[in-house]
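Engineer: Please see the structure below; I have some questions.
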Amino acid sequence: MAAMCRAAAKQLVDRAVGSRAAHTSAGSKKIVGVFYQAGEYADKNPNFVGCVEGALGIRDWLESKGHHYIVTDDKEGLNSELEKHIEDMHVLITTPFHPAYVTAERIKKAKNLELLLTAGIGSDHIDLPAAAAAGLTVAEVTGSNTVSVAEDELMRILILLRNFLPGYQQVVKGEWNVAGIAHRAYDLEGKTVGTVGAGRIGRLLLQRLKPFNCNLLYHDRLQINPELEKEIRAKFEEDLDAMLPKCDVIVINTPLTEKTRGMFNKEKIAKMKKGVIIVNNARGAIMDTQAVADACSSGHIAGYGGDVWFPQPAPKDHPWRYMPNHAMTPHISGTTIDAQVSFCAFISALGLWRIVIYSTWCSDTGPYALAKLWTNSSQ
């Protein structure tokens, strides 16, 4: 599995770099990868390739081709390792889990930059209009960790509804107080769950919720396939403001765009039921940080769970660390070992390659403009 993973990762970068061949110079490239440090855990699993030490499993291959491959976790500030290579790097590989924020200023400095590759899904850490204006290619792998994220969302719904974490903490502390847990623990069956966004992850979540006999709602720009909608018994809600007060649980599955940034502010949260559960594995910046913390403190939000923050890594004084009734973790839902293997092997196995080029900016539909669809038989 590890060998297949590395081989597929090599193919990904090869084809991604090759996609610029028509208007870039050939020869050695300087490629910078920004990943999180694994430290003592690096050698515990041969498939752990999504870290600095694993280097995405492509170091030997890149260097055998004459490319210069630099891998680091140091990405912030003028004295960071990343900043040292901005001016002459050709390719930057980063992830949503330890994102290198590619600002307009960095793009302006990066005179040789050709490709920004996201090892995962979501490129909102990049100033997309600036990248488009500079003629850069922004590419990401679609579908690589959708199962991992959807399963994690289901887990967080159950953890919050059942008031699991305080019970676990009682055991760790040597306490025993059933009433302290039971007074705010509920079944999932019969609850109304609404997802804001019904793309790959949102649809998978709805399918996994069906056996729990929930009332399933979803809001999106487009209605999903009628047959699938009927199969999972999910109801389309065109008006988000009309859906919110109906939901006992709300799951955020929409991408971060200028339209969705800060969408869930004080006013939006006020439209929700008192005692609502919110799960957000999409992007932290979709939420108004202080509005969420305040609503958790007042009890309007009974529980908030997710693994996305803004910025990332989250500072020690981030208010979500200290608000009551939360189930927050570092950004881990999409970086399971299975997801890392899937990222490397998924495209090779299915023969499907997507290169998303942000050459246009559309505020109504977000920054995504699907420019090319690559298959194993087309270049």
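Cβ from N, Cα, C; glycine included.
Automated prediction, rather than curation, is the source of TrEMBL annotations.
In case it's useful when we look at the structure, here is the feature table from TrEMBL:
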BINDING   Ile121, Asn145  substrate binding site
BINDING   Thr146, 200-201, Asp220, 255-259, Asn281, Asp307, 331-334, Ser377  NAD(+) binding site
DOMAIN    63-151  domain 'D-isomer specific 2-hydroxyacid dehydrogenase catalytic'
DOMAIN    155-333  domain 'D-isomer specific 2-hydroxyacid dehydrogenase NAD-binding'
SITE      Arg283  site 'Important for catalytic activity'
SITE      His331  site 'Important for catalytic activity'
Engineer: Determine, to the nearest whole angstrom, how far the Cα atom of Ile332 (NAD(+) binding site) is from the Cα atom of Ile121 (substrate binding site).
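Structural biologist: Roughly 13 Å, rounded to the nearest whole number.
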Engineer: Spatially, which candidate from the binding-site residues Asn145, Thr146, Pro255, Asp307 is nearest to His331 (site 'Important for catalytic activity'), comparing Cα atoms?
Structural biologist: Asp307
Engineer: Using other CB atoms within 10 angstroms as the count, which residue among the binding-site residues Pro255, Gly334 scores least?
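Structural biologist: Each of the binding-site residues Pro255, Gly334 was scored by Cβ atoms within 10 Å; lowest is Pro255.
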Engineer: In whole Å, how far does the CA atom of Thr257 (NAD(+) binding site) lie from that of Arg283 (site 'Important for catalytic activity')?
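Structural biologist: Checking the Cα atoms of Thr257 (NAD(+) binding site) and Arg283 (site 'Important for catalytic activity') gives a distance of 10 Å.
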Engineer: Let's check the environment of Ile332 (NAD(+) binding site): how many other CB atoms sit within 10 Å of its CB?
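Structural biologist: Within a 10 Å radius of the Cβ of Ile332 (NAD(+) binding site) lie 13 other Cβ atoms.
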Engineer: To which of the binding-site residues Ile121, Ile201 does the lowest count of other Cβ atoms within 10 Å belong?
Structural biologist: Ile121
Engineer: Over the domain 'D-isomer specific 2-hydroxyacid dehydrogenase catalytic' (63-151), what is the model's average pLDDT?
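Structural biologist: That region's mean pLDDT is 91.
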Engineer: Taking only same-chain residues 6+ apart in sequence, whose CB is under 8 Å from that of Thr146 (NAD(+) binding site), what do you get?
Structural biologist: Ile121, Arg200, Ile201, Leu204
Engineer: Sequence gap of 6 or more, C-beta under 8 Å: which same-chain residues meet both conditions with respect to Asp307 (NAD(+) binding site)?
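Structural biologist: Listed in sequence order, they are Asp152, Asn281, Met328, Thr329, Pro330, His331, Ile332, Ser333.
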Engineer: Rounded to a whole number, how many Å is the Cα of Asn145 (substrate binding site) away from the Cα of Gly334 (NAD(+) binding site)?
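Structural biologist: Here the two Cα atoms lie 5 Å apart.
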Engineer: Specify the nearest of the binding-site residues Pro255, Lys259, Gly334 to Arg283 (site 'Important for catalytic activity'), where nearness means the distance between Cα atoms.
Structural biologist: Pro255
Engineer: Reported in the order helix, strand, coil, what are the DSSP residue counts of the domain 'D-isomer specific 2-hydroxyacid dehydrogenase catalytic' (63-151)?
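Structural biologist: So the counts come to 25 helix, 19 strand, 45 coil.
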Engineer: Lys259, His331: which of these recorded positions has the highest Cβ count within 10 Å of its own Cβ?
Structural biologist: His331
